[in-house]
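Engineer: Provided herewith is a single structure, encoded as structure tokens, for subsequent inquiry.
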Amino acid sequence: MSKGLFITGTGTDVGKTYVTALLIKTLRQAHYNAAYYKAAISGAPSVAAGDAGYVNRTAQINEPENLLVPYTFTHAVSPHLASKLEGITIEKETILNGWKQVTARYPYVTVEGSGGIICPIRHDTTACYNLEDIIQWFHLPCIIVGTIGLGSINSFVLTAHYMQSKHLPVKGLIINRYHGGIMEDDNIAMITERTGLPVLAVVKEGDTSLSADPHKLAALYEGV
Ligand SMILES: Nc1ncnc2c1ncn2[C@@H]1O[C@H](COP(=O)(O)OP(=O)(O)OP(=O)(O)O)[C@@H](O)[C@H]1O
Ligand SMILES: [Mg+2]
């Protein structure tokens, strides 16, 4: 049976893809056959130029990228809007079929969300899907990635509390773009105290590996 993990963030552009690539690379180097899935990517001229292409190359998954993402949009807006602008209907069945294919081939699949935790995937008179639905369809535990610095206490704690209020299981946090110093260290202490969540890894600017035990990382994934 395949296991999965959902990577959300405190917002867009906080390093979900960057960190996910390092996470999968770390697992693969420790001989865990790990792969990637993202339901919808916006703002990418091609699959290869988007998040799936970046992770595929950085973590050396070496799969045809279409397997890793069913929907790619050129407009750099939320998938629910990008799909409307591009005349494409996002179907639950297509997202689930893509998920079945990738989980049939890989025992560890890391799923990246779009934007932060509140991101509409489809919103019309026939259906509304949000990221929370995808997490529930796939039965995934989650981790929250965010940059550390001014404003990060607010964004991490709000994200964690929102997810807890929706009964989404959050396993911990990954701190990105850590430079050190009294403010960033205090931010981390405030965030862990207020969320009750552990820091699973700290990523610095330009890091090319994740300083975390791959076996502990693999243990975060749960059967789907
Ligand atoms: N620790 C880091 N060191 C160097 N560059 C980084 C780091 N973290 C993120 N970046 C860069 O910041 C930019 C945004 O990161 P990334 O694409 O991973 O964000 P994201 O949260 O996945 O965004 P989206 O919401 O669009 O999926 C990218 O150019 C990425 O390479
Ligand atoms: Mg991304």
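Note: Cβ is positioned from N, Cα and C throughout, glycine not excepted.
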Engineer: Going by the ATP site in TrEMBL, where ASP13, VAL14, GLY15, LYS16, THR17, TYR18, GLU112, GLY113, SER114, GLY115, ASN176, ARG177 are listed, which of the candidates ASP51, ASP213 is also part of it?
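Structural biologist: Record check against TrEMBL: ATP site with ASP13, VAL14, GLY15, LYS16, THR17, TYR18, GLU112, GLY113, SER114, GLY115, ASN176, ARG177, extra candidate from ASP51, ASP213 is ASP51.
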Engineer: Can you see whether DSSP assigns GLY15 (ATP binding site) to helix, strand or coil?
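Structural biologist: The residue in question, GLY15 (ATP binding site), is coil (DSSP, three-state).
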Engineer: Under a threshold of 6 Å between Cβ and any atom of ligand 2, which of the recorded positions ASP13, GLY15, LYS38, SER42, GLY113, ARG177 are retained?
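Structural biologist: Within range of ligand 2: none.
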Engineer: Using DSSP, would you call GLU112 (Mg(2+) binding site) helix, strand or coil?
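Structural biologist: Reduced to three states, the DSSP call for GLU112 (Mg(2+) binding site) is strand.
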Engineer: Suppose the Mg(2+) site is THR17, ASP51, GLU112. Which further residues of the same chain have a Cβ inside 8 angstroms of that site's Cβ centroid?
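Structural biologist: Close Cβ neighbours, site residues excluded: ILE7, LYS16, THR20, ALA21, TYR36, LYS38, ILE41, GLY50, ALA52, TYR54, VAL55.
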Engineer: Go through the binding-site residues ASP13, GLY15, GLY115, ARG177 and tell me which ones have a CA within 10 A of the CA of LYS38 (active site).
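Structural biologist: Within 10 Å Cα-Cα: none.
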Engineer: Cα-Cα separation of THR17 (ATP binding site) and GLU112 (Mg(2+) binding site), in Å?
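Structural biologist: Rounded to a whole number, the Cα-Cα distance is 7 Å.
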